[in-house]
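J.: Have a look at this one before I ask anything.
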Amino acid sequence: MNLLLTNASIVTVETNDTGYLIKHNHFINIINGKIAQIGGMASCPLASSGKQLDCEHKLLTPGFIDCHTHLVFAGNRANEFEQRLTGVPYQEIARQGGGIMTTVNATRKATEAQLLEKALQHLSGLIKDGVTTVEIKSGYGLDLESELKILRVAKQIEQQANIKVSTTLLAAHAVPLEFKDNPDRYIDYVCNTIIPAAVKAQLVDYVDIFCEGIGFNLKQTERVFKSALSFGLGIKGHTEQLSNSGGSALAAKMGASSVDHLEYLDETGVKALADNGTVATLLPGAFYFLRETQLPPVELLRTYKVPIALATDFNPGTSPIASLLMIMNMGCTLFGLTPEEALRGVTCHAAKALGLAQQRGQIKVGFEADLCLWNIQHPAQLAYEIGTNLLISRIINGVLCND
């Protein structure tokens, strides 16, 4: 829990557009898992207790945060990948009973042990890319016991892996077959049964919903959000991925921490995000994997100074990409972000998307000592190089991890 880092080039990462702010030849003194002191080496204290690590002037950043994943599931959807490549759209696959429902069926049948083993395999890719905090959604159960099963596995991941986990209930991911003729009854079930049970079991931090033509409408979305808020939970939304439904504006006005995807977000929606402090989480992996062409309104987000986060959206159907460094590159090459914006997108802005902006995502005194040491000369290399093992070490709560 106590660790003295010396001879570091610190990339503090600020929430404002201030540049990289690299502090060369600095130390960080970590006490009880928190950053207690930062300064130049000339004023470096002696290591009175705990370990000492010479960073050898390598770059030190905040630990990365993947703020949108569907990490816990069974099976795969490689066959649908083949279908899409022959021209069958994702929406059509979903309407035919494929898509999310394919994964739901497999996940319902799987044991917690099976789900945990598979999730830890997926997580290993994120850990190699410097992820120290990960959000994990449910949404592949769509019934009470299966949704809780997924959330329990997410909690077990935090206990078994060196990582902080934020859990999100996404029971309103799709309408299960048993409710296919009455989606409103399913929303009743989500609001009156699943959300209260998840709260009682202390398994959930946020509630999410897929607000889209093939998902849930605005009225249903509002009902789910109201239920979540009544239990003191945070809210977030899958919005404006395939069409402009107004879900982002609704979520923002109701206090959402983030809205995610956003390819079809318009200026009205962007303004709502800005007015309510909601983070725009972009998911270039899904955009790439689905071969979409509608770009999210990055320039409008910049104009209105909306914080932009980036995440893998790791899932079996639309983004089986367990690399946050790859996502940073995609954010730059596909969406036109700068490498600096991409770095903020997986640190301070991702922390804000999870309600952790005062704890993680920056290198500041009083913050959790979640850090990454990289074998690079400049921060832009993080978004530039693909497939290179850039990470030297992760530090979580002041503990040096040997991943």
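Cβ atoms here come from the backbone N, Cα and C positions, even for glycine.
So Swiss-Prot lists the following for this protein:
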BINDING   H68, H70, H238, D313  Zn(2+) binding site
BINDING   H68, H70, H238, D313  Fe(3+) binding site
BINDING   R77, Y140, H173, Q241, T318  4-imidazolone-5-propanoate binding site
BINDING   Y140, N315, G317  N-formimidoyl-L-glutamate binding site
J.: Here's one to test understanding: among the binding-site residues H68, D313, G317, whose C-alpha is closest in space to the C-alpha of Y140 (4-imidazolone-5-propanoate binding site)?
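T.: The smallest Cα gap between Y140 (4-imidazolone-5-propanoate binding site) and any of the binding-site residues is with G317.
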J.: Using C-alpha atoms, which one of the binding-site residues H70, R77, H173 comes nearest to N315 (N-formimidoyl-L-glutamate binding site)?
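T.: Checking each of H70, R77, H173 against N315 (N-formimidoyl-L-glutamate binding site), the shortest Cα distance is to H70.
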J.: Within 10 Å of each Cβ, count the other Cβ atoms and name the one among the binding-site residues H68, H70, R77, H173 with the highest count.
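T.: Result of the Cβ crowding comparison: H68.
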J.: Radius 10 Å, atoms counted are CB only; among the binding-site residues Q241, N315, T318, which position scores highest?
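T.: The residue with the most neighbouring Cβ atoms within 10 Å is Q241.
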J.: If you take the centroid of the Cβ atoms of Y140, N315, G317, the listed N-formimidoyl-L-glutamate site, which other residues of that chain have their Cβ within 8 Å of it?
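T.: Going along the sequence, the neighbours come out as H70, F73, R77, I100, T103, G139, P316, T318.
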J.: Apart from H68, H70, H238, D313, which residues in this chain have a Cβ no more than 8 Å from the mean position of the Cβ atoms of those residues at the Zn(2+) site?
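T.: Not counting the recorded site residues, we get T69, K137, D260, H261, L283, A286, A311, F314, N315, S319.
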J.: Inside 10 Å of the Cβ of Y140 (4-imidazolone-5-propanoate binding site), count up the other Cβ atoms and send me the figure.
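T.: Neighbour count, Cβ to Cβ under the 10 Å cut-off: 31.
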J.: CA-CA, which of the binding-site residues H68, H70, H238 lies nearest T318 (4-imidazolone-5-propanoate binding site)?
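T.: For T318 (4-imidazolone-5-propanoate binding site), the spatially nearest of the binding-site residues is H70.
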